[in-house]
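Peer 1: Can you keep this structure in mind? I'll have questions shortly.
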Amino acid sequence: MKKETIILGIESSCDETAAAVVKGGTEILSNVVASQIESHKRFGGVVPEIASRHHVEQITIVIDEALKEANITLDEVDGIAVTEGPGLVGALLIGVNAAKTLAFSHQKPLIPVHHIAGHIYANRFETEMKFPLLALVVSGGHTELVYMKAHNDFEIIGETRDDAAGEAYDKVARTLGLPYPGGVQIDHLAREGEDTFHFPRAMMDDGSYDFSFSGLKSAFINLLHNMRQKNLEPSPADLAASFQASVVDVLVTKTIAAAKEYQVKQLLLAGGVAANQGLRERMIQECELEIPDVELIIPPLSLCGDNAAMIAASGTVAYLEGKFGDLALNAKPGLLFEEV
Ligand code: KG4
Ligand code: ZN
C-alpha cells in the first residue's frame, strides 16, 4: 500500500505562529498555534514589529511541539509547506526562513502556499472537496468569492472593493470600546440585540459578486458619534446586531446567487469571519431553502482562524502536483491568487 503523504505546515503571516503535521491532506496529526493576541490588545490592533519579534521567539518552539505531538521526526516528513503570502512581510519572513532552513538541512521539498488557499483547504478536514465548488473567504484582510473547478485552481469571481469583512468588524468594535480582535465580541453582543438601525446593504442587488463594507462602517461610526453628541448612548447590542445583520445579509445573498449561477456542488466557508455564529446560522438556513442540492461545508471554529493545518492541507495538494519552491523563495506580502 502506498504510504500517505506527511506534510509539515508552517504559518506566520499575521499574529499567530503556527505549525502542524497533516497526513494524506485530510488527517491532522498535530496543530499548534501560538497566538499573540494578548500582546497586540493594548494597541488595539496588530503591530507588525511586535508580530515579527514574537514569531522569531516562537517559531522553533512551535515547530518542535508540532513534530512531538505528531510523534514524528523531520526525516519522516515528505515536504515542508509554508505560507509565502499575502500578509505582513516581517512576519511572513520568519516562517519562510524557518521552512527554507529545515528543507535545506533535511533535504526535503519546500512547498509555498497562498494563505487564502490555506483557509479554503481547512474545509478538507471536514469532507472531501467536490468540484466545481464555491468558497466564501471572509477574514481580516480578505473578502472574496472563489470559484474552483479543480484542486489548486482558483478564480476570484467577486471581492471587496474596500474593507475586508473582518476589518470592518474590528473597526466598529473599536469605536464601541471593545478589545481587539473585535469581530468575535460584536458577534456575541449581536446575540443580545436586534436590527433596529437598518444599516445600508451596500451593493446587495447590483448583480455583481463584489462587496463593499466601508460605507457600512462609516454609517455605524457616524450614527454613534451623532447620538453621543446629543448625549444619547445607543444600545451596543442593537448596534452590533444591526451591523451584523447588514454584513450577513450581503454575504449570504451574494454567495447564494453565485452558487446558483455557477451551479456548484459544494459551498465552503473560510477565514476568521467564518467563525461568526450569525453568518453560520443564516448560511445554513438559506442554503437549505435556496440551494438544497448544494453541500454546505463549514470548518470547525478551531480551523476558521489562522492555523498551519490548513497550510499543510493545501501544501499536500501542491506536493502531489510537484509544485515546489526553491531556496530563493521569498515572502510575498501582496501575493495574488492569480500567481498561485
Ligand atoms: O483568518 P483570520 O484569522 O486572519 C486573517 O487572515 O485575516 O481572520 C481574522 C479576522 C479578524 O478580523 C477577526 O475579528 C475576525 O476574523 N473574526 C470574526 C469572528 N471571529 C474572528 N469576525 C466576526 N465574528 C467572529 N465570530
Ligand atoms: Zn487568515
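Using the three backbone atoms N, Cα and C, a Cβ is placed for every residue, glycine included.
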Peer 1: Asp306, Asp326: which one does TrEMBL list with His115, His119 for the Fe cation site?
Peer 2: Asp306
Peer 1: Same substrate site as Val137, Val138, Ser139, Gly140, Gly141, Gly183, Asp187, Asn276 according to TrEMBL: which of Asp170, Asp205, Asp293?
Peer 2: Asp170
Peer 1: Would you mind giving the whole-number mean pLDDT across the domain 'Gcp-like' (27-312)?
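Peer 2: Reported value for the domain 'Gcp-like' (27-312) is a mean pLDDT of 96.
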Peer 1: To the nearest Å, how far is the Cα of His119 (Fe cation binding site) from the Cα of Asn276 (substrate binding site)?
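Peer 2: About 15 Å separates the two Cα atoms.
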Peer 1: For the Fe cation site (His115, His119, Asp306), what does the 8 A shell look like? I mean other same-chain residues with CB within 8 A of the CB centroid.
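Peer 2: Other same-chain residues with Cβ inside the cutoff are Glu11, Ser13, Thr83, Ile116, Gly118, Ser139, Gly271, Asn307, Met310, Ile311.
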Peer 1: Kindly assign Asn276 (substrate binding site) to one of the three DSSP-derived states: helix, strand or coil.
Peer 2: coil
Peer 1: Please check the binding-site residues Ser139, Gly183, Asp306 against ligand 2 and give me the ones with CB under 6 A, sequence order.
Peer 2: Ser139, Asp306
Peer 1: Quick test of your reading of the structure: among the binding-site residues Val137, Ser139, Gly141, Gly183, Asn276, Asp306, whose CB sits under 6 A from ligand 1?
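Peer 2: Within range of ligand 1: Ser139, Gly141, Gly183, Asn276, Asp306.
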